[in-house]
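K.L.:
Summarising the annotation, TrEMBL assigns domain 'Alanine racemase N-terminal' to 4-215. Summarising the annotation, TrEMBL assigns N6-(pyridoxal phosphate)lysine to K32.
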Amino acid sequence: MMSLSDISQRIEKAVAQAGRDRGSVKLIAVSKVQPNERVEAVLKEGHRCFGENRVQEAAGKWPAFRDDHDGVDLHLIGPLQTNKARQAFDLFQSIHTLDRPKLAKTCARLAQEIGHCPELFVQVNTGEEPQKAGVAPSDADAFIAECRALDLPVRGLMCIPPIDEEASLHFALLAKIAERNGLAGLSMGMSDDFEKAISFGATHIRVGSAIFGARVPA
Ligand SMILES: *Cc1c(COP(=O)(O)O)cnc(C)c1O
């Protein structure tokens, strides 16, 4: 495991090599399944931006962390069931896994009712893997248009490249789809490839094990 400051230095270097500003990349510390003391340690270092992949798990630990630490910025990076959407609106500032019309309609209804909506990323299944969530690359433009017609605050796109393929191809594809749709946000890059993702324009990198150490099984 590396420390938060090691990761920050690596981000700074990658950002400089890409000729970008440090402020253009947000580090989401992925705290899923990590023991509370590890998360607490990163909070104490002053980091405030975290990612969780399950609503239930986040609901179990983040209200207490928030009582002790101001300014927590929480991102949902795992699949969202429509019946958990309301709870997700309460907990998360961003949802990276908008991936189907039914969920888009539910988010639009909740946004109307509650009067606010987390920023949203459309998940694209760039590898077209049957077991993975996300819209197919060929359906992305139409789905983004549908979300915009619902007045949803779509900030950008998100992908999880297939583990056995060169991630660069997927980062490039996601960047291309975002560009042609006028979307600025790119949620891509994890512990093993965040520097590469930064070189392809990532604005939100999701780094777990490199910050916290290997995930302890629940
Ligand atoms: C767990 C997870 C990550 C972080 O993975 P690491 O390899 O530990 O950095 C990033 N994105 C998503 C969607 C995840 O589920």
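Counting starts with 1 at the first residue shown.
Glycine too: its Cβ is placed from the backbone N, Cα and C atoms.
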K.L.:
Under DSSP, is the residue listed as 'N6-(pyridoxal phosphate)lysine' part of a helix or a strand, or is it coil?
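P.N.:
The residue in question, the residue listed as 'N6-(pyridoxal phosphate)lysine', is coil (DSSP, three-state).
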K.L.:
Can you give me the same-chain residues 6 or more apart in sequence from K32 (N6-(pyridoxal phosphate)lysine) with a CB-CB distance under 8 Å?
P.N.:
G51, E52, N53, R54, E57, G78, G208, R215
K.L.:
So what's the average pLDDT for the domain 'Alanine racemase N-terminal' (4-215)?
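P.N.:
Its mean pLDDT is 97.
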